[in-house]
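Undergrad: Reproduced below are the annotations present in TrEMBL:
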type     : residues : note
ACT_SITE : 89       : active site
ACT_SITE : 274      : active site
DISULFID : 102-107  : disulfide bond
DISULFID : 265-269  : disulfide bond
DOMAIN   : 71-385   : domain 'Peptidase A1'
């Protein structure tokens, strides 16, 4: 580990940092427009249903919390480069962006890839489909050069969406998604971007790391660092946790304590560290119990808490590989202004991911904001340490 740390420091100048901008989430935008409760009524539920997830569980993971996504980065595809804003998602393995041939309204509101404008584009033509909790996204597979902050990945297969579901991505701040999970999750057997980075010797070390700022007023939302990690972004030392199943970045939880008492996952359970999920997600029954214990009440399809209660609400602690990872109420609550008043919502959401994939807890951005996360493909481990605010 000392050698690895020394290597990372020595190679710091060669590391590729992809800045993440933090923007207003779709939930905040819809609330400001007075359209949030209308969306819930249209969908009948705020989260993906078990049936939706079941159709998806063998290949990928639904964007359970796309309404809350706030962290986005830039990539380019083609020669000359065409720029796109994407979610760097450790919970899926495919890259997709809208195609110029897509006529869905969601596509016309975003940057669309034009294959005829790229001299390095190659037709693959394989049909592509991902089932999301909000509908299915379909398209075709193409191949081109993909550039990520100076890392030029050649012959990268990606999906060009031809049809996007309803209003799911219409107002989203991102154009597409770049998956960073294991190859076994990739639809159509496409080689993921990071696997090609490793195969083409574009990164010095077979790992990447993610920092998400917890300061909503910070000019930099965070960063994805390919090929190493940045010790200035965390305190103490990294706790290395073995990946238990190589699909998602899946790890073992020892237990989950509320206010110091092992209230959930008492005999251990499985979780995934997922940058593509904004909240902390768990089995519906357990999350409902958790919401009750912290005093959250259902309002317009989301769980609200009294902002004045944050100082007396209990801490939530995930015990991972023997070490505690504690979130204060301020960390697991989302605070925003609505009509000049503070509005506080719970950072937890219930969703039942069925066997054989689930049940799973999902440690999304609410967790990653507090704990710097390193994803090590060379040793199949996740490194965690308290993030610098």
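Sequential numbering from 1, following the chain as shown.
Heads up, the Cβ atoms here are built off N, Cα and C, so glycines get one too.
Given the structure is predicted, the values throughout are model-derived calculations rather than measurements.
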Undergrad: Let me check the 10 A CB neighbour count of residue 102 (disulfide bond). How many other CB atoms are there?
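TA: Result for residue 102 (disulfide bond): 22 neighbouring Cβ atoms inside 10 Å.
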Undergrad: What mean pLDDT score does the domain 'Peptidase A1' (71-385) have in the model?
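TA: Across the domain 'Peptidase A1' (71-385), the average pLDDT comes out at 92.
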Undergrad: If one looks at the chain holding residue 89 (active site), which residues at least 6 apart in sequence have a CB under 8 angstroms from its CB?
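TA: The list for residue 89 (active site) reads 177, 178, 179, 180, 181, 274, 275, 276, given in order along the sequence.
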Undergrad: Given a separation of at least six residues and a C-beta threshold under 8 Å, show me what packs close to residue 265 (disulfide bond) in the same chain.
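TA: Those within reach of residue 265 (disulfide bond), by Cβ under 8 Å and sequence separation of 6 or more, are 253, 254, 255, 256, 361.
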Undergrad: Expressed to the nearest Å, what is the distance separating residue 269 (disulfide bond) and residue 102 (disulfide bond) at their Cα atoms?
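TA: Between the alpha carbons of residue 269 (disulfide bond) and residue 102 (disulfide bond) there are 41 Å.
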